[in-house]
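If you look up TrEMBL, you'll see 42-81 marked as DNA-binding region. TrEMBL lists 106-206 with the feature domain 'CoA-binding'. Taken from TrEMBL, the feature NAD(+) binding site covers Gly116, Ala117, Gly118, Asn119, Leu120, Gly121.
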Amino acid sequence: MTERRSEGSAEKRVPAAAFGADVPERLLLPGVPDATVARLPVYLRVLGALSDRGTRTVSSDELAGLAGVGSAVVRRDLSHLGPTGTRGVGYDVEALAERVSHMLGLTHERAVVIVGAGNLGSALAGYAGFGSRGFRVSALLDTDPAVVGTPVGDLVVEDVAALEQVVARTGAAIGVITTPGPAAQSVCDRLVDAGIASILSFAPTTLSVPDGVDVRRVDLSVELAILAFHDSRRLPAELGLAAAGDAS
């Protein structure tokens, strides 16, 4: 029986080899922390914006400010890419963007299948920004007979009963789950059985997966609850300031 674990049950360090053979071994340090991996796409987005503005070089302080982190964090993160900057000059924007793209494995296209053709799944399927980062949404699937066969952008919604065949046909490397919570584990199991080892889940539930399968979960209700927490702490402080002003 395959041992399963809940997502996030253990801290992981990403082996450098996971980023592809197109990255020279000397440029990678063994074991890249998850926190660094999470920040690299942010740096890439900032570098893309700088490139669009015609900026050729950027300092670690500037990159840190635009990314919303400390400059020491930037330098530590980028040290995993090998030598990248020049003292007194900074980082070459284009060269650094290319290095980060290599590190993230974004130098070749990855096919993505989305299971759940509701509002969220359909919106994700139609998002044009994925293509610029090397992700191609190759299929959108659902269980509802009223939805199956309807067009969504360039896709036609397919029956989830054919999930395994769709994964094989498209060569999908990533599965996205946008189903209701009760259906998510079953969909996850089928994606894994079909050979998918990278899953992004928007379902409001924790998924159990075998070792070797990576799950990233985005729970919008949790994010809103966090914002509500901070907002509720901010309101009494604002009321206190207002009361002090009235008293004076």
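Cβ coordinates come from backbone N, Cα and C, glycine included.
All TrEMBL annotations are machine predictions without curation.
Just so it is clear, the model here is predicted, and its values are computed rather than measured.
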For a quick check of packing: other C-beta atoms within 10 Å of the C-beta of Leu120 (NAD(+) binding site), how many?
16
I'd like the number of other C-beta atoms within 10 A of the C-beta of Gly118 (NAD(+) binding site), please.
14
Would you find the one among the binding-site residues Gly116, Gly121 whose Cβ has the most company, meaning other Cβ atoms within 10 Å?
Gly116
For the DNA-binding region (42-81), residues assigned helix / strand / coil by DSSP:
30 helix, 2 strand, 8 coil
Give me the count of other Cβ atoms within 10 A of the Cβ belonging to Ala117 (NAD(+) binding site).
25
